[in-house]
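A.B. asks: Sharing the features that TrEMBL gives for it:
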{"type": "BINDING", "residues": "130, 199, 227", "note": "Mg(2+) binding site"}
{"type": "BINDING", "residues": "347, 369", "note": "ATP binding site"}
């Protein structure tokens, strides 16, 4: 029957697999025959873990079609309700106490604040967000923690096998994100969470999370220009897609929006009799001296939205009788603790390179933010610039207090800023890079160098260790375009002083040998590891300058960097 002999360990694993966490009997050999040959071939090459097998299966759902394909609008959204029936989730979804959040930027942070608040109020929470940075399990968090591997595999295969048994030409296997969203519903139903917090993946109206027909409350975070190839070219069109999550009579909140976007949100809300309110930004004074767990001034906007969502959820589920929405001078301790302890990778995150061979762990520091729209470039630049200023002030104070300034011990008093950038080719770098450069310059922060790299991750496979082969030929044409735009922008800057000349040497990449290119103010590296290695080598050689690297433009890039700099 099989072209490759099946190792007994594989046969035993598959034929005895059972799911103690799920109300279903053990799977028989009949259910697993379709995977035996595939797994046997993989195991013949290497020892394949159960998690690797799941990632291979999940990768097969990634479509090769471009997101910008005009023919896929809606992409047969009605199929999602058939998928829900296949997994027998109609009633469980109706019973869930759901908070649904859309938006261009800030929706992930809003979901994170919301989850943290309600968890600190004592509720069993589930949150589904995207994308993941390193491991797909990051998308599914139970009580603030990524779902464990054992539970993930149990629920994954439970869903996978039912789809394989019941899909057909008329009802094909769900695509990658749809499968993940449906898996989230299965996880939250089986785990019996008190509240399920769902972040929209793209848009709203046709997003997989929008199979929810009766959420408790909806939220719309800040709107801006992103995914325009799908959502529309105006803020009004984009707002219309986001407002697709509104449900008749269900209260909704948003943050202050541009007039064009707000008018559309109000129009959509009126048609559905949705009580739409604008949540005020959080007043820092109500945090009792604490700081938000997520860095950046823009987070007070997201925190204010999260407070409104949590307050409404508590009221509509009968959990409390106090209206926190109008309390501008104080917050419950649980809310304050939730806001102060919230955490989210890849958003305004500061991480020293943990693998650099240096005497000081802060010699090479990465400032990571997955900003990828023009508006978020402004936010990212403001956060980075303020963080740099704060670091300079604290360093100066520490040196002054220790007397080193007077004694001549000035180790690493100076710092230099470097940009490490990439973005998806569907985005317009002519809109992103000027916003970033100008916003930083307005704070007096100038980049000594910009590094442009391709992502390490591949887009057709999922897994914690997925990367391009070492000998893969990488097309750098887009990175070279980014470099050309950057050089033009820098040359156009007026009154910029040369700084840290010892870091401007033409070192690191031979453009004829490896495809990179060195210019006066930037370098294209053929791979991210080469760029990281250049930075580490420079830090080791130069003991007088601290290197601060802003990583932005793509959450994929942020995840790739985290893999390389964290132990």
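Note that Cβ sites are derived from N, Cα and C of the backbone, with glycine treated the same way.
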A.B. asks: Within 10 Å of the Cβ of residue 347 (ATP binding site), how many other Cβ atoms can be counted across all chains shown?
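C.D. replies: Total other Cβ atoms inside 10 Å, all chains included: 26.
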A.B. asks: Between the Cα atoms of residue 130 (Mg(2+) binding site) and residue 347 (ATP binding site), what distance do you get, rounded to the nearest Å?
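C.D. replies: For residue 130 (Mg(2+) binding site) versus residue 347 (ATP binding site), the Cα atoms are 12 Å apart.
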A.B. asks: If you count, for each of the binding-site residues 130, 199, 369, the other Cβ atoms lying within 10 Å of its Cβ, which residue has the minimum?
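C.D. replies: Candidates: the binding-site residues 130, 199, 369. Fewest Cβ atoms within 10 Å: 130.
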A.B. asks: Using the alpha carbons only, what distance in Å do you get between residue 369 (ATP binding site) and residue 199 (Mg(2+) binding site) once rounded?
C.D. replies: 18
A.B. asks: Measure from the CA atom of residue 347 (ATP binding site) to the CA atom of residue 199 (Mg(2+) binding site) and give the result in Å, rounded to a whole number.
C.D. replies: 15
